[in-house]
Structure formats: C-alpha cells, structure tokens
C-alpha cells in the first residue's frame, strides 16, 4: 500500500518510511499530500531514482521470499541483540562479517533455487517482472550463449595450438637451409602474433553469468590492447620481411647474403 510507503509526516526530523520499490511511489504529489515539503519530496524521489542501492523491500511475491527474509532476520536480529546485550562488537570488521555471512546464505538460497528451474522461472527474472519495470527482450543480442562461447574457445584453441606447433617446428628445423633463409626469428614472431590475436576470442566471451563484474571490466578493457599487440607484432614481422626484400633488390652485389637483424625488428615494433 502507498500508505505504508509514504506515511503522513509529523516532523522532518523523524522521517520513518519504507523505501519505495515501484515507480508509482515516486510521484512527488503523493509526498506533498502527506505533509512533506515540495523541496524535500523532489530531492528525495530524485535521490531514489539516482542512487544504486540494494536496500529494497522484499515482498512475498517471489518464491523463497520467506526463506530470504528469514535469513535476514536471523543474521541482523542476532547481531543487534548481541549489541544490545553488550556481547557484540559494533566495529566495522564485525559488521562486515555479518554482511558477508548474510550475503553467502542469500546467494546460496538463490543459487539452489535457480539450479533446478528454467531461466524464466529464476528468482531475479520473477522479481524484476514483479516490480513492473521489467521488459522481456525477445532477443538479447548482448548475451553470448554457451554454444557461441564454446565454438569461439574451440577456434581460439585450434589457432593457438597450430601457432605453437608451427613455432616449435620452425625452431627445431632452424638449421634447415630453406628455414634459415626465411629467418626463423621472423617466422616464430608471426606464430606468436597469431596466437596473441586469437586469444582475444576468450576475452570477448567473458560474461557476467560466470565471472564477476570486475573480471568482465578487465576483460573488456584488455581486449583491444591484446589484439593490437598481436597485430603490431605480426605487422612488424611482415614489414621486416618486406624491408629485407627491398635491401636485396637495392643491393648491387646480388651474391651478398642479407639478413634483417633483431634490432631492426624491434625498431619497427616500437615505431608501430
């Protein structure tokens, strides 16, 4: 009821109301009608819209709601009772422990329920839908499904394995006349660059349904850097080979053997 969310104000110094959990509860006119000032009503409702908070009301409108609320009561009430009796620690470390244990238990309840239900029956889906602000996308183009992820991993693994195989083969046969003429160092750099670029497939496939949000941020930010590093490495190797061919064509002594030293390759890499 909106009366439970916005009780009539008696004093702005003793504001005790539940946090709104529906968009209809953010109408400033309703707050003004209950003796709150217009300035306060606008500031408070705007703050609710802007602030990302987990202090939401848990109503009996989703499965396991009673069990979730029971865990909250068990941890929080037990902590408050210990503080009242003087046997508890009011310090930050103690409060963090309560939060950690509570979060672990709540996550376990949600995980156990979701594990035996279809995606459309899972708790987050049902809770968001019950808020009246949930929009079910027919096709979520941002989601990387397991089939797409496993296919990408297989392709990346194939490219990396092939690159490693060619690099090892080049190193083993580095004394071969043909391989030596092609400069093994440059060939190995091409293999390494191909492996680096293909590894970005793994970074792109990272999703927050199996890793943390922080890990998703790290993978997203590192993807262009890893790919560009591999591309520059590959382009440097190919440019060095082209530079060597130019030296051969420009050399008047056709019988002189020319070689691109590693220092020249490093210079091209730094320039690029």
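Glycine too: its Cβ is placed from the backbone N, Cα and C atoms.
No curator has checked TrEMBL annotations; they are predicted automatically.
Feature annotations, courtesy of TrEMBL:
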DOMAIN    148-253  domain 'G-protein coupled receptors family 3 profile'
TRANSMEM  150-172  transmembrane segment
TRANSMEM  184-204  transmembrane segment
TRANSMEM  224-240  transmembrane segment
I'd like the per-state residue tally for the domain 'G-protein coupled receptors family 3 profile' (148-253) from DSSP, helix first, then strand, then coil. 88 helix, 0 strand, 18 coil
Let me spell it out: take the transmembrane segment (150-172), skip the flanking residues so only those 6+ beyond its ends count, and list any with a Cβ under 8 Å from a Cβ in it. 179, 184, 187-188, 191-192, 194-195, 198-199, 201-202, 204-205
Taking only the residues in the domain 'G-protein coupled receptors family 3 profile' (148-253), give me the average pLDDT of this model. 86
